[in-house]
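Structure record follows, encoded as structure tokens.
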């Protein structure tokens with residue numbers, strides 16, 4: 001029974017992550033704008049960068065959230081099935097980021113981000129303490145990403161092109177990964193990350209639905 005539940009959690013997570021960003025991509029492309037998409041939020045999710053409107057700041061040594069997490073899993077030799085969705089999510093986020101940069105007129109920054117991400121990937125495993133600290137910081141970076149999206153929604157009081165479906169799918173994958181982590185690696189740092197992300201993803205989803213309902217009522 002435990003094996004069946006574990007397999008179901010793994011496969012459902014991969015299936016959801018294969019399409020998790022498609023609703024957001026479709027919404028941004030349909031509107032041909034990044035309104036409500038929060039480019040700052042996406043950058044925080046990938047690399048710890050502040051909102052685009054605040055200008056380019058120096059990247060932290062630990063750079064990226066998803067990439068740090070992926071690197072952490074590989075470094076400790078965790079089973080492939082516990083993180084297979086991350087390359088898929090990263091690829092979709094990079095595509096979404098490129099569209100947001102294009103529609104907001106900031107395509108020149110794409111090369112800078114690419115070089116920084118690539119360098120950070122190798123820096124993370126120079127020392128064991130770096131990857132461990134990076135894992136802890138990536139939870140804070142990911143939380144900041146969600147809070148940036150919430151701040152964007154609160155300020156505009158408009159869900160714009162933000163997709164409730166995408167955020168709800170993110171919440172689901174966090175829930176399934178809590179289950180698979182407990183049943184496999186039982187890594188406390190990983191559990192704290194997924195529990196934190198589950199709470200914030202549900203919060204963002206609820207906020208998007210609230211403003212969408214309010215707009216329809218008006």
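Cβ atoms here come from the backbone N, Cα and C positions, even for glycine.
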As TrEMBL has it, transmembrane segment corresponds, among 32-49, 86-103, to residues 86-103
Of the ranges 168-189, 190-211, the one TrEMBL annotates as transmembrane segment is 190-211
When TrEMBL is consulted, the range among 110-130, 131-151 described as transmembrane segment turns out to be 110-130
